[in-house]
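Features reported for this protein in TrEMBL:
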COMPBIAS  1-10  compositional bias 'Polar residues'
COMPBIAS  175-184  compositional bias 'Acidic residues'
COMPBIAS  229-258  compositional bias 'Basic and acidic residues'
REGION    1-38  region 'Disordered'
REGION    160-184  region 'Disordered'
REGION    229-265  region 'Disordered'
REPEAT    286-320  repeat 'WD'
REPEAT    330-371  repeat 'WD'
REPEAT    416-448  repeat 'WD'
Amino acid sequence: MDLLQSYTDQNNEDGSPEQVASSPEASPPRLLPAKTSAPKVDDTMLALTVANANQTLSKPIDPTQHLVAFNPTYDQLWAPIYGPSHPYAKDGIAQGMRNHKLGFVEDASIEPFVFDEQYNTFHKYGYAADPSASAGNNYIGDMEALQKNDAISVYNIPQHEQKKRKIEKKKEMSENEDVEEDLNLAEVDNPASDVWLMKNRKSPWSGKKEGLETELTEEQKKYAEEYAKKKGEEKGSEKGEVTADKSTFHGKEERDYQGRSWISPPKDAKATNDHCYIPKRLVHTWSGHTKGVSAIRFFPKHGHLILSAGMDTKVKIWDVFNSGKCMRTYMGHSQAVRDISFCNDGSKFLTAGYDKKIKYWDTETGQVISTFSTGKIPYVVKLNPDDDKQNILLAGMSDKKIVQWDMNTGQITQEYDQHLGAVNTITFVDNNRRFVTSSDDKSLRVWEFGIPVVIKYISEPHMHSMPSISVHPNTNWLAAQSLDNQILIYSTRERFQLNKKKRFAGHIVAGYACQVNFSPDGRFVMSGDGEGKCWFWDWKSCKVFRTLKCHDGVCIGCEWHPLEQSKVATCGWDGLIKYWD
């Protein structure tokens, strides 16, 4: 109590508690510093903002700052950037000249229409509105013209002025007509005169005087005739030029001493075993086509002959077993042949050409049995594989349809019209009761044979076009060549599901309809590619087994021999067909 009393007495005598000296009897001072959990804030900007609050132009935000530690005003956010000079400018910022690191920025904005209006007004009348004037009424340029025209712009002409101009234009036209009547009639009738040109002018470009026509020289006449003849030939080929169907036999004789035809298979042709091997070396090359070969097909079941479709409009058949020579050439198409297909016994075959025709040939005699056309390009042709339906032809067309003909009557019996792009493949599955088609619309569609209704539609966002499809020898799987450089496998069961575990890749086929195929025992998958290679994959492991460099350019087709398990034929756009063992 005595201590408290003495403290109050001292306080009352001196008048302020700050002047009281600390005595040894007083409470000890606190030595612990104050702590805060708030982060350290750079308050330099805040201090500057408070200091310059009364100024009209406030400091902008530092662009190098990653964190704003206060609430800036709108003017501070949108103020021009002051700061270090441009890295390539040696002189730094010239004060008073720059308010931006790239130069001087003015606070001015003008609409494109307003700019065009003032620009054209200035060029026509000599005055324009001053964009820097705040009121918008100040003008620059010719002030006398401004007063004379009442400050109108080119886009703001008064109605009475428009009427006045129309009347003046009409007067000018009538005066010109009066002048023309007074002119010499000979001048009016003379096409070389300016008067005739002006009177008969139909377009802005027809006022030009052209040189007088002179007679052509003999050389020019000859060239004109040749050009007209060439044009006529081109038009004829466009319309579908009629080409005579003919065939040439190249063998020694069409029948042997026993009376057997040259297409009959050798008696000793049979499979030695069921195990297939990958070929290693080239054993034969057939070179008879003058352009690329687009497809090859072995003779069904025996493979003693091989049929080839060329881009030189010809179809050729070659001997595989004996001489290795071309046996017959079939000429009937006027443009490149796209696809070929044998019937079950090989005695007849189909060809589809870019001349929009499908021809049915007799293999032995080379005669055309019948011709079909819808006026569209057929991309794929197939006969129904059933022995009792070998008269039914299916063709995938460029106009998105699959057309079905009865070849006995020549009539179209069905049209399957659901695709959204040109049809590329037709593949029969499920004991030939159904068929799968692929198209440029990047989808697969499954049809019941004879019923034009899709029973299964496969289309995913990741899918690409599939220009070639083959069936596995066990008929449970389809291999589809996808244009994203892989071969996809689909089941042929009810669901037609993608087998995600099986995928064959490594080759480059994007943009080419390279054929995909299987070995007869189903152990290997094979395909050509765009670089001229033939690829072989193991069916079970999906690993690349071997690659062969087969052709210069694209290796478009590959077929495994049906009987000889280690032999493969390939064809390419270099015009060659190669046989590998």
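Placed from the backbone N, Cα and C atoms, the Cβ positions cover glycine too.
Note that this is a predicted model, so its numbers are computed, not measured.
Taking DSSP states H, G and I as helix and E and B as strand, the repeat 'WD' (286-320) has 0 helix, 19 strand, 16 coil.
In terms of DSSP helix, strand and coil, the repeat 'WD' (416-448) has 0 helix, 19 strand, 14 coil. Sorting the repeat 'WD' (330-371) by DSSP state (H, G, I as helix; E, B as strand; all else coil) yields 0 helix, 23 strand, 19 coil.
For the repeat 'WD' (330-371), the model's average pLDDT works out to 92.
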